[in-house]
Structures are given as C-alpha cells and as structure tokens.
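Chemist: Below are the structure tokens for one structure; questions will follow.
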Amino acid sequence: MAGLQAKTLMFVLAAALATLGRTFVEADFSKNFIVTWGKDHMFMNGTNLRLVLDKSAGSAIKSKVAHLFGSVEMLIKLVPGNSAGTVAAYYLSSTGSTHDEIDFEFLGNATGQPYTIHTNLYAQGKGNREQQFRPWFNPTNGFHNYTIHWNPSEVVWFVDGTPIRVFRNYESEGIAYPNKQGMKVFASLWNAEDWATQGGRVKTNWTLAPFVAEGRRYKARACLWKGSVSIKQCVDPTIRSNWWTSPSFSQLTASQLTKMQKIRDGFMIYDYCKDTNRFKGVMPPECSKKQF
C-alpha cells in the first residue's frame, strides 16, 4: 500500500511539473528575444545579456512572444559609477495608442548618489501612475531580482522577493486595468539626460562611456498570448497551468504587506496619489480606493 501511495504521489508531482513546464522558461536571450535597436551595442549569450550605451547609440530587446497574466523576472546589474543621464528599463508592454504597460525603470545618478527605481503602469493608453523609490542596496555591485507579477486581481512589483508596489483591479468601478492585451517583455539602456537625473540638471558624462547594464536568467511563468481567445483562457481557473488565478494570489499575505510597508515608509520618494498639485486636487480615482 505504501508503495502504491508513493508511486501515486510521484505521478502527481510529475504531472504538476509537466504543467508548470509549459509556462516556465529560463530564457536563452538569443532564442527568445529580438533586437529592436542597437544591434552592435549589445550582447546576448544564453541566459546572459549585456546592454551598452555610448554617445552614438543605446540598445534594446523585446521578447518574441507576448503574455497575459503570470510573472516575469530578471536578475539585473545596473551601470556602475557615474550613471547620470542613463536609463535602464525592464517592462511589459502591448502596442498602439491604447496600450497597456507595466514598468521598471532605473534612473542613473552621479557617482555616490543613489539610483531611482521608477515604476509606472498604463492601462488602455493612460499612464501617469508613477511611484519612485531609492534602492536600499547597491544595485550596481551585483545582480538583483526584479519581478512583475500580474494577475486578474492585481499587479505587484517585487525587488529581491519583496513587494514594493501594488495596483489593484477596480475595473468594475470604471478604472481601467491591463487585462485584455498581451504584453511583450522589453529591456533597454538609453540616454535620457534631458530629464532622468535631478530633473535633467545633471547631464551624461560621455567621457565615461561605454555604459553597461547586465541582465541574467530571465524567467517567465505566464500565459502565452494567442489573440483575443486568451482573454478568457488565461483567467480560466480550471486550467491547471493558470496558477495565478488561485485565490492565494489575489492579495498579498500579511507578511508581504508588512515587508512592503517598511520599504514604502523608508525608501519611497514619490507617489502620484499624494501629488495634489500635479492633479490640481482632482486625483486619479484609484487613489481613493484600497491600495493593497
């Protein structure tokens, strides 16, 4: 009897792993991404990526496939030293004037000054939902994990496994939510000296070029976008591989909420929901809702 139970358990585990395998990929960059610009300013080799920026050009890639719900993650090491004027970006996006987008952007700074972790979300073409943080670690002396988790209930931004931001789904109350467009994954390194560092006051020092940002071990556990049919398929809880539809992912745990609040209390430097001057007192409607 014990032998039969063991065999049954092994079968169940094997089936679960097979199901997970259809949605989980540690990507070979050269096979799973294409260069969108700066082909001679980048290097892809297996699970390693190098993006290069000099005065002539930057570089960017995008995934060959799009996803609707799940999680994507990448280990990233940012430009060291004086990175003023540079922006490294890692984000999900669809296309068109009513596109959806979920952003991580890393705004460089002068030597000795901290980076800015810039997050934003667009739904049906509408953005202006920025939240910014100072890193509580050195993002240039090693690789750190940046994860975007996206399900029918909420979008969560994670840094090294700790949530830093949540955007919840209030579509039933007329607030747009990114749930009807497949999004591809993008990574880029580019010059944004007109605004990126201290409002554009500090420019890029091109004598320090080339600037290099690195990525490693990109992984996607996400629903493959197959067109409009995916809008229903990717939220179907009866499909075993749709793990993100589990009620356990509809809201952060108490422990996660505690960790996130510590980061937000200690390291958040901008929240659009508190910028009454910018919106002239007419705040975005989601700002009055439960945030987490």
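Note that Cβ sites are derived from N, Cα and C of the backbone, with glycine treated the same way.
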Chemist: May I ask you to find which of Glu105, Glu286 Swiss-Prot records for the xyloglucan site already listed with His118, Thr119, Asn120, Asn128, Arg129, Glu130, Asp194, Trp195, Gly199, Arg278?
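Modeler: Between Glu105, Glu286, Swiss-Prot records just one in the xyloglucan site with His118, Thr119, Asn120, Asn128, Arg129, Glu130, Asp194, Trp195, Gly199, Arg278, namely Glu105.
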Chemist: Have a look at the glycosylation sites Asn45, Asn109, Asn145 and say which one has the shortest Cα distance to Trp195 (xyloglucan binding site).
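Modeler: Its closest listed neighbour, by Cα, is Asn109.
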Chemist: Given the recorded positions Asn109, Asn128, Asn145, Asn205, which lie close to Glu101 (active site, nucleophile), meaning Cα to Cα within 10 A?
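Modeler: Taking Asn109, Asn128, Asn145, Asn205 one by one, none has a Cα falling within 10 Å of Glu101 (active site, nucleophile).
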Chemist: What's the CA-CA gap between Asn128 (xyloglucan binding site) and Asn109 (N-linked glycosylation site) in angstrom, rounded?
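Modeler: About 22 Å separate the Cα atoms of these two residues.
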